[in-house]
Amino acid sequence: MPGIDKLPIEETLEDSPQTRSLLGVFEEDAAAISNYINQLFQAMHRIYDAQNELSAATHLTSKLLKEYEKQRFPLGGDDEVMTSTLQQFAKVIDELSSCHAVLSTQLADAMMFPITQFKERELKEILTLKEVFQIASNDHDAAITRYSRLSKRRENEKIKAEVTEDVYTSRKKQHQTMMHYFCALNTLQYKKKIAMLEPLLGYMQAQISFFKMGSENLTEQLEEFLTNIGTSVQNVRREMECEVENMQQTIEDLEIASDPLYLPDPDPTKFPVHRNLTRKAGYLNARNKTGLVSSSWERQFYFTQGGNLMSQARGDVAGGLVMDIDNCSVMAVDCEDRRYCFQITSFDGKKSSILQAESKKDYEEWICTINNISKQIYLSENPEEIAARVNQSALEAVTPSPSFQQRHESMRPTVQSRPPAARTSSTGSLGSESAALSALSLDSLVAPDTPIQFDIISPVSEDLPGQAKSSGQSGRRTNPFGESGGSKSETEDSILHQLFIVRFLGSMEVKSDESPDVVYETMRQILAARAIHNIFRMTESHLLVTCDCLKLIDPQTQVTRLRFPLPNVVLYATHQENKRLFGFVLRTSGGRVESRQTSVCYIFESNNEGEKICDSVGLAKQIAFHAELDRKASEKQKEIDRVKEKQQKELNKQKQIEKDLEEQSRLIAASSRSNQSSGEGQFVVLSSSQSEDSDLGEDGKKKRESEA
């Protein structure tokens, strides 16, 4: 049997979002098991009902055959041979009926009983524990909320003792319920195998015993297989029993060890404050302003990641960025309605957050940890040792700072000592800056040693002297809605105009543009590069999709930052899981090697509109394709019309020539008839006239012809 996935019982007291997320996976698995077992139970119940019906029908047939001799048919006489034959059949069928009855009993005991027990007892136990755990979790959250609302100025020892006892009781109840719930879910992974294998094993053994008299050879072939299955079931049962004993022992040990931690504010003498931490995680209450004076508090799970403070709500898959705490200011604050509060202010003073810790120990540890991260101790090789050296400054951060401006000025020189993490640079090399990042490169999709561009060059910089404009940028102001004043916009005639809010993550050159895997791999490398270099700032733009091109427009100045011709966009895709990420591949001429086409993949983040943007780009390409087909058809029709017009002119010219020839032939024929009727005298006259005509010239000839 393969290894069994298990829920960590040791992490039940921490109750982190990761543990809850893993619990959700096990709960989904339990629901899937319950659904499948119900379907399997119905199928096996049909077999059992059919076997009972077959047994009853066989017995009825045998009974009817025995009663044949008692029947009195009007046209039939006594037939002793028929009667004795049917009696023999009745005896054999009666024996078969007995075998079928034994088979029905074996199916009920070996097949239906195990799966019914698992369905009615084990699965219902899981549902019951789930409901009890949910109630305990809700009671603990309510108790924590009441404890957090204890007034600092008007302390009532009786109320405080009641609330503290309530927190202790609810937390202990939640912990114990959660551990037993985890134990049941872990045990379910074993029991589901037994619940499916035991009924099948019982069914096969009952069938073999039924057909054993006539199928000895078949029995010999199945005996080894069934023996192995039986051995496997026994092994799983023994392993389950051993694991259950271990989990029960773990629960007992954790209950004893975790008893002091049930209190929300443990004794600092037993649990000293760690002031040298550079990483911290736990639940905090964050204050959110709801008005000029009023505010609300929200409880979330906070943790530090590098130089960032992250938060994660219960049920979320991943955390979100709260604040960049490099060179930040942290100080204790005195809130009127809450205890253990501290304030974090960013380096530039534009962003601040007020948080409340659960206990004084967490309160001091959070302040010391953020203060250590603010001094960038986490970037050193041995952060705990360096943090111990500056322990005095960390202790000073626990008390309120006299002025934010003083801390702001005192921290400003530390910016120059920061490592070149490419936070303000526009590009970063995968091959030279980070060995870990270069290991992520796949030569089959991405060009090796290609740089990643993390930002868009602003068009304002194009006015600087000595700086050439980029081939893909334009400094002309553009109205994305096609309502320009003096000159007509190049996208005004476009059928499609769709505007989206996007944030540029990065771009890099790629080798291939034939598969969406290129876009997925580029997304992975750019996100990994941002994580390694601690780059979290993104440039927000408006993406305008038309039938001619894609434009990145500055949302404030309406200046076109980048323009991508639509025919050059050869591939576009959305991330399979995160629909906020999308990208497209642009095929351009030139690159690192001259006279060669290159492909560059651009990656963006949207507001859950990745699929809409890809659909819009696909629609634009379809419209452009059909417009191109219509244009070619129109040009072809014009060419056909020109050819027809030319042929018509040639035909008219030919008809005119034929008409002239016919007229000349008619005149010659008329002249011949006139000569024959006039005789010889007339011939002399005509001869003289012809001589005169030769003297008169061409005009005289025409005149003579007209008179004739």
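Here the Cβ of each residue, glycine as well, is placed from N, Cα and C on the backbone.
Fair warning: this is a prediction, and the values are worked out from it, not measured in the lab.
Taken from TrEMBL, the feature compositional bias 'Polar residues' applies to 468-477, 671-691. What TrEMBL records for 636-665, 698-708 is compositional bias 'Basic and acidic residues'. Feature annotation from TrEMBL assigns domain 'PH' to 277-375. TrEMBL lists 500-636 with the feature domain 'PID'. What TrEMBL lists as region 'Disordered' is 397-430, 457-490, 636-708.
In the compositional bias 'Basic and acidic residues' (636-665), helix, strand and coil residues by DSSP number 30 helix, 0 strand, 0 coil.
Per-residue pLDDT, averaged over the domain 'PID' (500-636), rounds to 83. For the domain 'PH' (277-375), DSSP puts the residue distribution at 15 helix, 45 strand, 39 coil.
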